[in-house]
Amino acid sequence: MGDNKSGSTSLPGADIELQKEFEQQQLATICEQRQSRSNSKFNNNSSSRTGEQQNRRAAEQESSRTGEQQNRRAAEQESRRSRDSMTALGLVLLSMMGYTQHMQQPEPSSLGVEGGARLLSRADWGARMPKSVEHFEGPAPYVIIHHSYMPAACFSTPDCMKSMRDMQDFHQLERGWNDIGYSFGIGGDGMIYTGRGFNVIGAHAPKYNDKSVGIVLIGDWRTELPPKQMLDAARNLIAFGVFKGYIDPAYKLLGHKQVRETECPGGRLFQEISTWPHFNNGIRFNATTEQPPQGQAQPQAKALPVVPKV
């Protein structure tokens, strides 16, 4: 029994060393595990961050591409709108230019004639549409001067426009004519108002309506001379008509009373035009041979109503 005791003797120093090695091994294992877990977390976090960064970059790139596309589309739309606007503006300008060229009346003052005046259209003074329009060919060989007597002289453009409308009303509605009888009217404002115009058969002088330009100076000029601006405008209109080929360069200038039994254009105005170039004193009205203008309705006396005897 004594031999067994000696065989089981422990080695405390070796156990301690082994225990230390074990503990160190355990500690190392624990450290490795911790390190592994730490690395795993780091890798996971790093991977997560990398993924987030990649996603962010992808989102930014996509957003950038989307923004570029939107900007490109916006630029294309703006360019298209700009082209459309320019096209529309060009069409409007061309239309306006065409309308202006069609409607604009040349101004006699542009011819450099003394006493330049402005030529106003029928639309300017509010003319009613003519019932019909008849033209004659070639430049007019005669220019015939009138005064309106009534309406009286006008000296502002609105008043002269009204005078033109009043004369048209009288000629169309009372006398049954196609339009105002005169080719042109001259106002005390120095403006020229288009009546029937050039080369249109008028209703102002018997036997001369289809070969003359009839110019009425608005007002009563029996004893007073029209103001200078009216006389200048009339001369300027005649010069303009000659320049444009509407009036024969060898035209004859007449007063209304030379072709019809009337005081028109008034003694004082007739005296004035007799000093103008082309005035022809050789034409005189003869009541026994002259006839009323063909195609013109003559005013009829209104019959008084018969009052029955009671």
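Sequential numbering from 1, following the chain as shown.
For all residues, glycine too, the Cβ spot is worked out from N, Cα and C.
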In TrEMBL, of the candidate ranges 122-142, 206-226, 290-310, the one given as region 'Disordered' runs 290-310
DSSP tally for the domain 'Peptidoglycan recognition protein family' (117-260), helix/strand/coil in that order, comes to 42 helix, 33 strand, 69 coil
